[in-house]
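*Asks:* Quick one: the structure is below, and I'll ask about it shortly.
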Amino acid sequence: MASLAQRVSVPLGVSSRRPAVAPVALLGALPVRASQVSVGSRLAVKPVAPVRARQTLVTKASAADAPKELDALETTVSKVVGAKLAPTVVTLSFIAIWYALNIGFNLLNKTIFKYFPYPYTVSTIHVVVGLVYCVLVYAVGLKSWSFGRPVTKQEFKNIFGPAAMHAIGHVAANISFAAVAISLTHTVKTLEPAFNVVLSKVILGEATPLPVLLTLVPIMFGVALASAGELSFNWTGFLTAMASNLTFGFRAVWSKRAMTKSLDGTAVYAYTTLISVLICVPWALMAEGGTLVEGAKAAVAAVGAQRFYTDLFMVGMLYHLYNQFAFNTLERVSPVSHGVCNVVKRVAIIGSSVAFFHQTLTTQAMVGTAIALIGTWLYTEMSSKHKHKKAPPPAAPSGGASPAAA
């Protein structure tokens, strides 16, 4: 039998010789680089990061760079404009619809007050129509367009405070709309940030930075200038607009402290509408119930029954839908961006109302309105750059125990 050396034709002593080929060439098929190899009597390979670890890093980077998941509406829009632009297009559409509905509401609302001057009753109709809408869409299965789901007792308590302030502020604003020009009411309502600052300090203990406080000066000066130069000025309209600022300030502050986060904006506003009905109906009956029938007859005689009831229904729908789109827009943008949108909205409402009702504005009123709106924009900008300072937590009682939850 031939020996092993004869079969392979290799001398038996070859294993003791130095290889004729350089180690780098021998390692050409291995996952190492030439810089990791040193040539010498022995082969030395520098350590390489484990393949598994390197794959993990790549996976993390890919997850971070992954595009944001689109919701159902954005997915539909993306088929037309692409996935990258879909969120922006949907947000801008929401803002445009919010503006259009709000302008339509203000113009129709003021028109109704000219032949049916019952602000408590009209305010109640706004929320009653909204509640009927919520109930109907919920009943047909479109729950996400309405209440979403039943709330717990604690969630209802959390919503009730801000919702009550919303209802009272809404009635106060409508009393102002009925008493003075739309432009004056919206100019006075630019003072709402001043009330927010005071209430945030009193209730939440939040200190407002000085640059933010300074922006309130042009707002207050502009409101004073516009009010003094407004031809339709009266104290009822001015004071009720200020009362609306106060209650909406409470709404904003209490929402920070108590509003539930487990419901989306549409559901929160649906329950806000329900609570508003519970407050506004008895309030309207007490304030205007005695003369309501005669007032309705006079309105029907002036414009006809069909227009009267159609106007009341349409103004209620406009009110509910513009508020719903405002809530939905707030979900899609930051509070600061929402504040800027509110400033632009007031400019659009004031301009459209002046044109629609052929309102005469004095130079003083126009300058004051412009200053107040610029001040509101500055307040929004400064608020984004200088955050409110929260009050320190209460000190623990002696013995080191934590304070009891309120």
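Each Cβ is built from the backbone N, Cα and C atoms, and glycine gets one as well.
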*Asks:* Do you know which of 203-226, 299-322 TrEMBL annotates as transmembrane segment?
*Replies:* 203-226
*Asks:* Short question: which residues 6 or more past the ends of the transmembrane segment (159-182) have a Cβ under 8 Å from it?
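*Replies:* Counting only partners 6 or more residues beyond its ends, the transmembrane segment (159-182) has Cβ contacts under 8 Å with 106, 109-110, 113, 117, 119-120, 122-123, 126-127, 151, 188-189, 230-234, 236-238, 240-241, 243-248, 250-251, 254-255, 258-260, 268, 271-272, 275-276, 279-280, 283, 349-350, 353, 357, 359.
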*Asks:* Among the recorded stretches 85-108, 120-139, 203-226, 232-254, 266-285, which has the greatest number of Cβ pairs closer than 8 Å to the transmembrane segment (361-380)?
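*Replies:* It is 203-226, which has the most Cβ pairs under 8 Å.
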*Asks:* Can we call the transmembrane segment (266-285) and the transmembrane segment (85-108) in contact, meaning three or more C-beta pairs below 8 angstroms at a sequence separation of 6+?
*Replies:* no
